[in-house]
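Summarising the annotation, Swiss-Prot assigns D-ribulose 5-phosphate binding site to R47, E48, D52, R160, R161, G162, H163, T164, E184. The Mg(2+) 1 binding site annotation in Swiss-Prot covers E48. Annotated Mg(2+) 2 binding site per Swiss-Prot: E48, H163, in sequence order. Taken from Swiss-Prot, the feature site 'Essential for catalytic activity' covers H146, E184, and the record attributes it to sequence analysis.
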Amino acid sequence: MPSLSHESDSITLAADADERPLALRIAQALDAMREGRPVVLLDDDDRENEADLILAAECLTPSNMAMMIRECSGIVCLCLTTDKVRQLGLRPMVENNRSQYGTAFTVSIEAREGVTTGVSAVDRITTIRAAIAKDAGTDAVVSPGHVFPLVAVDGGVLVRRGHTEGSVELARMAGLSPAAVLCELMNPDGTMARRPEALSFAEMYRLPILTIADLVAWREIHG
């Protein structure tokens, strides 16, 4: 996988992500997903108004996972389809979900085998690989752990305009397993990165930017 260096010339960002044609932004994001590079995904300003780093679950490396942990909140979430969650036998984190946006956490997980404390970048990758394996069953992972699965609603961003659904949509559109990893992008002072900071971060690391609105528009056109 390519390194996450400032010098990568594969992406040219405008001052604002919306200034570039939608087809170009989508293509760059899907290329990044396939190549194991993060995508910066912004949700609606009147929703969480946050930026997440998104990686395809099957393309994780110690370097891109370490970047995610270092630059983000540290709460690494694995976005999965309802079928995959059912296959793993994961139950909801709570019976009565009262979160503002209905964020569908399951119980946290750890790989049953191959990890130590579960906290390191390598251990978290091991857990994620165990969970997304095609033949993974209810014995693939244990709870609690240091990876936090999220369940994407069926119908994706056309039903729920969330980072969870957007992440799974990106993986699927890239022709990859419909599973992705996300973590909320943060500023150095511990506050959440909003649109201006997210744009600056993406430009620094030459990362593609998309919004949930972009994905909704694309789905409405292309299905």
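Sequential numbering from 1, following the chain as shown.
Note: Cβ is positioned from N, Cα and C throughout, glycine not excepted.
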**CB contacts for H163 (D-ribulose 5-phosphate binding site) [other CB atoms within 10 A, all chains]** = 29
**Message:** Helix, strand or coil by DSSP: which one applies to R161 (D-ribulose 5-phosphate binding site)?
**Reply:** coil
**Message:** For a quick check of understanding: among the binding-site residues D52, E184, which residue's Cβ has the most other Cβ atoms within 10 Å?
**Reply:** D52
**Message:** Considering Cα atoms only, can you say which of D52, R161, E184 is the nearest neighbour of H146 (site 'Essential for catalytic activity') among these binding-site residues?
**Reply:** E184
**Prompt:** Other than its own, how many Cβ atoms are within 10 Å of the Cβ belonging to R161 (D-ribulose 5-phosphate binding site)?
**Reply:** 19
